[in-house]
Amino acid sequence: MISEENFQQHTPMMQQYLKLKAENPDILLFYRMGDFYELFYDDAKKAAALLDISLTKRGQSAGQPIPMAGMPYHAVEGYLAKLVQLGESVAICEQIGDPSTSKGPVERQIVRIVTPGTVSDEALLPERQDNLIAAVYQEKEKFGLATLDMTSGRFQLCEPADKETLRAELQRIVPVELLYCEEFNEMAAIEHCKGLRRRPIWEFELSTAITLLNRQFGTKDLRAFGVEKSPLGLSAAGCLLQYAKETQRTALPHIQSISLIQNQDCIQLDAATRRNLELTQNLSGGTENTLASVLDKCVTPMGSRLLKRWIHQPIRDVEKLKQRQQAIAEILNFDLVDELQPYLQLVGDMERILARVALRSARPRDLTRLRTALEQIPALRTIVQQKTSPFLTALFSQIADFSEQWDLLQRALIETPPLLIRDGGVIAEGYHAELDEWRMLSDGATQYLENLEKRERESTGIDTLKIGFNAVHGYYIQISQGQAHKAPIHYVRRQTLKNAERYIIPELKEYEDKVLKSKGAALALEKQLYDELFDLLLPHLGSLQLASLALSELDVLVNLAECADTLNYVMPTFCDEVSVKIENGRHPVVEQVLKDPFIANPVELNHNRHLLIITGPNMGGKSTYMRQTALITLLAYIGSFVPADSARIGPIDRIFTRIGASDDLASGRSTFMVEMTEMANILHQATEQSLVLIDEIGRGTSTYDGLSLAWACAEWLAKKIRSLTLFATHYFELTALPEQLEGIANIHLDALEHNNSIAFMHAVQDGAASKSYGLAVAALAGVPQSVIKLAKQKLTQLEKNSSYSAEQQIQALREANHNQGELLFEQETDALREAIEKLDPDDLSPKQALAYLYQLKKMVG
C-alpha cells in the first residue's frame, strides 16, 4: 500500500495508522478517532462502495490527498452487520491511551477482529440459525474437519473418509467461514463454501494443535474427549482455535470441550439428499415451504437452532429416540404445551448471552435478559417434576440451582438499563455504598444550583440572572445584555453571546470541579463494578451452559409436541427388521400448502419387497410420494411424531435421493453428468440398510441409453445392494423387472382422462400404470391444441411403425444380460474380454446384436 521509503513522509498519526494496517492488510480497518471510526486509502474506497457512505479526503500525507470514509462510533454496529453479511472482515482499532496525557498521537490498538464466523454481537447474527466457522485439513485422500460455534462454544471434529462425505458435511453445517490449508488440493469439494480463508501449513501442525487444545481445556491429554485417535480432525481444530484467539484477542472460557462426530451414530445424508428433501432450504435458496418451516415453532432462538441441527443429523440410537418420544407423549398427555411455553419464551437466547458473558462483551440488557432467564427455572422445574415421568425430570437434573446468580443480577442491575455501560446508569442503587455516595453528590447539584441562583439574584438585583451548564464551558452565570452592566466586579466574563453575557465566580467553579469529579468517579466505579459481574459469573459458566442446552432441548420437545397435536402426527415405532411400513403417510410440507385435502398413501418396504417400481403420469405425485417416505423416516429418527396413521421403521443407515437435476454450470457439468454422478455415489455408498429414492434416472440421454442405464441401476440395487428403494421411472419397460427378480414390485399413481382433460388421483395402487398421460399433461401445461393434435398423430404413427417394440426391448435386455453371464455383477478387471468370449453371434438376432453392441461400446468408453 505504502512503500517503506515514503513512510517517514507521513504525519505521526498516519504512520500509526499504516503500522496497524500492515498487521491486517487483507481486511478493513476501523480506526477510532474521537467520536468516529475512520477508514483511509483503499479501505475507504471499498467501504464507501459497500456501505453507500461518502468518500471524502482528509488533508494530505506524503504530499497526496488521503481518501477517507467514516461513521459515528454509536452507529458502527449497523455498518458492521452489513459488512459481515457481505462476507467482509473488519479489524476494530480503539484509542486506549489518555488524550490529556499523550504526547503525539493517542495510543491505539486493535482490540478485536470481526469476521462472519467469529461474531458474537446480537446485531450481527442470524437469530435462528447456527453461525459456524470451520477448518479443513487434507492428508492424501483423507480429510479432517473441525467446526466451532463462537456463539455457544460448541466445538466438534470429524474425519470424512472421502471428498463426497466432506461435501455432505459442509452441506450440513453450512459454515460462514472455511479455513483451509495452503496445500489443500481438493478445491472442487469446498469451492461452493462462503468465506474461504487460505491458512499457512504450520497452523495445522498436529503437536501444536494438541498443545493448544490441552491448554484451552486445562487438560494433560485429550483422551477424555474421545478425539485422541483423530489426528486429521485435531489438526483442523488446532488451526480453528488459533484463528478464534487471533480474532477475539481475549480468553475463550466458553469453549470448554471438543467432541467427535461418529458417522455410524447418525443417518448419513449426502449433499444431494439435503438439497432434494428441502430440509432447511428450498430449491430456490429460500426458507419457505421447507421441513423446518413447518416444524419450527420453537419459542426460543436457541431451541430453533437445536431443532435444525436435529433435522440435519438424525441419530440412530433407538433408546435415545424412544426417550424423546416418551417426553413428547408426556407433554401431550399432561397438556403441558401452553403451561411451559410462556416460561420458555422468557428464557430467550440464553446460549448466546452466555457466550458474550464469556467474551466479556455482554451488554447491560444481555445481563438483565440472563436474569430473566434464570428467574424462569424454578417454575419450569416445578411443572416438570410434579407432572411428568423420569425422562423430563432427568433433563432438569442438568440444570443447577442458580438462585445466587439471579440474586446477584437482581441486586446489581436496574430494571431497564441503557444499551451500553459507557454512560453509566446501569448499576442499581444500594448495590455499592461508595457508588451511592458519588451519585448523591452528583445528583444533589440541581438543588444546590437553584439555591445559588436565587441567592445571586437577590444580592445583585438582576432578575434575568440564571445559572446553566454546557459541555464546552461548564457551569456559568448568564445575564442579559440589558443588565450586564450590573454584574459585580468579582464576576469573571467567560463568554459573550448576542443577547447575553456569561460569567463564572470562584464558588461556582469550585462546585463545578467537585461535581465533575463525582460524575467521573461514579462512572469509573460503575464500569469497574460491571466488569466484576463477569468475574462473579464466569466460575459458573459451565453449569450455565449445561442449563441452556437442557432448556433448548425442552423447547424443541415442547415444540414437537405442539406439532404432533396441531398437525395430527402419530408416534412411530421402531423394529429390528430392515423395513419401512407407513399407513396413510402424508408429506409434512405439501399438506400444509395445499388448498385441497392431501391424499394420504401407504408404503411398505421389507426383505421380500425392497424395491418398488413407481410409474404414472408426470404431476401424478411420484416425487411427492417418494419424498414423504424419506421425510417421515427422517422425522422418526429425530424422535418426532410423524404425519401418518401409523409408521413402523427398522434400522436405516443412510438416505439417498436422485430426484431432479439441472446443469451445474459452475463446474461445467451437464444435467446428465450431474445425474450420473449422484447415481454413482448411491451405487458405491448404499447398503442393505439404506433408503434410496430414484426419480427418472436416464432421461438425460438417448432412449436406449437411458433405458439400459435405468434397468441396470434398478437391477444392481435390487440384486446386489438390496437397499430399500423407491424407483420412479417413465420407462414402462422396467415394469417387467418383478417377473425377473425377487423383491421387486410395481406400484403406480393413476389419473383419469375425460374430454381432453386429465384429473390426477394421487392415490398409490399396486401394479404398473396403464399409460403415461404425457400428452394430457402437456395440454394441461398450456401447449397449443394444434401441437397436441400433431403429437397424437405422431404418437400413433410411431407406435404403429415401431419395429422394436417395448416387449422386444425387454427381451433383448434379458437375453443380453443372460448371455453376459451376469456381466453387471462381475468383479474381474478384464470384464470386456470375458464378455466378448462368452458371446455367440449365431444365437443373436440383428436387433439383439445391436443392443449388445451398444452395451459393449459403453463398457469401453
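Glycine is no exception: its Cβ is also placed from the backbone N, Cα and C atoms.
The following features are taken from Swiss-Prot:
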- Gly616, Pro617, Asn618, Met619, Gly620, Gly621, Lys622, Ser623: ATP binding site (BINDING)
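Sequence features, as recorded in Swiss-Prot, placed on the structure.
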{"residue": "Gly616", "record": "ATP binding site", "Cβ neighbours (10 Å)": "28"}
{"residue": "Pro617", "record": "ATP binding site", "Cβ neighbours (10 Å)": "24"}
{"residue": "Asn618", "record": "ATP binding site", "Cβ neighbours (10 Å)": "19"}
{"residue": "Met619", "record": "ATP binding site", "Cβ neighbours (10 Å)": "18"}
{"residue": "Gly620", "record": "ATP binding site", "Cβ neighbours (10 Å)": "26"}
{"residue": "Gly621", "record": "ATP binding site", "Cβ neighbours (10 Å)": "25"}
{"residue": "Lys622", "record": "ATP binding site", "Cβ neighbours (10 Å)": "26"}
{"residue": "Ser623", "record": "ATP binding site", "Cβ neighbours (10 Å)": "20"}
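Residues Gly616, Pro617, Asn618, Met619, Gly620, Gly621, Lys622, Ser623 make up the record's ATP site, and a Cβ search at 8 Å around their centroid adds Leu749, Phe760 from the same chain. For the recorded site, Gly621 (ATP binding site), the DSSP three-state label reads coil. In this structure, Gly616 (ATP binding site) belongs to neither helix nor strand by DSSP; it is coil.
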